[in-house]
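Undergrad: Below is one structure. I have some questions about it.
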């Protein structure tokens, strides 16, 4: 499974109460494994009694100092449940993810580009665009809506606020999930200048666009960027400051400045 992470340091944007990672005030939340015989009535019960005070004790009423957002690409409740059943059994408990006092969901559908109606089977690009920008879009799109208008991402918002950011992935940096934080293209396939000129002409630098995913990654410049995809950096740029040169030449200059 591909894993991506967005790091935002010293973030004052979250004014609501946050979960404290080291809370010990609510031991009832630290172990939600079934305690009894699961073959008897009530034996599979994980929680008993009123949880209000335990939940209240797990919150701190001040802004978060740092935020680390972990994305398991294609991971949902079904995958977590299957892993839990395999590793811990039906009444089992993961000490990490199952100890979180609050969980939430957001809708999973994308939109049909032509009709604007729901497309009930989404892909990583449309899904990532939703959680990075708050905007629904069509499958394959990154950072743009169904009308191909770009929308600001949470990483871009953080940088605009003067915060330190990072984008780390076990996949290629141009892959849909990490790319959704830094790029605005009409197709997730537009990794480099060559394919962008063919498949995403409106995004190509020579057409006045923002460029390929790789070129936009270089412009976005998170403070920390780790992942695969080095091959695309070797492509020759078709426009911009590195025209007729490999994208990697700009990457090296950026690294030197850092």
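The first residue you see is number 1, and the count goes up from there.
Placement of Cβ uses the backbone N, Cα and C atoms for every residue, glycine included.
Found this in TrEMBL, in case it helps:
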- 124: active site, phosphoserine intermediate (ACT_SITE)
- 73: Zn(2+) binding site (BINDING)
- 175, 177: Mg(2+) binding site (BINDING)
- 190-200: disulfide bond (DISULFID)
- 1-21: signal peptide (SIGNAL)
Undergrad: Does DSSP give residue 177 (Mg(2+) binding site) helix, strand or coil?
TA: helix
Undergrad: Counting Cβ atoms within 10 Å of each candidate's own Cβ, which of the binding-site residues 73, 175 comes out highest?
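TA: Result of the Cβ crowding comparison: 175.
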Undergrad: Could you check which of these recorded positions, 177, 190, 200, sit within 10 Å of the residue listed as 'active site, phosphoserine intermediate', going Cα to Cα?
TA: 177
Undergrad: Given the binding-site residues 73, 175, 177, state which is nearest to residue 190 (disulfide bond) when distance is taken between Cα atoms.
TA: 175
Undergrad: Hey, of the recorded positions listed (124, 177), which one tops the CB count within 10 A?
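TA: Neighbour-count leader: 177.
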Undergrad: Between residue 200 (disulfide bond) and residue 177 (Mg(2+) binding site), how far is it from one CA atom to the other, in Å?
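TA: Cα-Cα, rounded: 18 Å.
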Undergrad: So of 190, 200, which of the disulfide-bonded residues has the fewest other Cβ atoms within 10 Å around its own Cβ?
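TA: Across 190, 200, these disulfide-bonded residues, the one with fewest Cβ atoms within 10 Å is 200.
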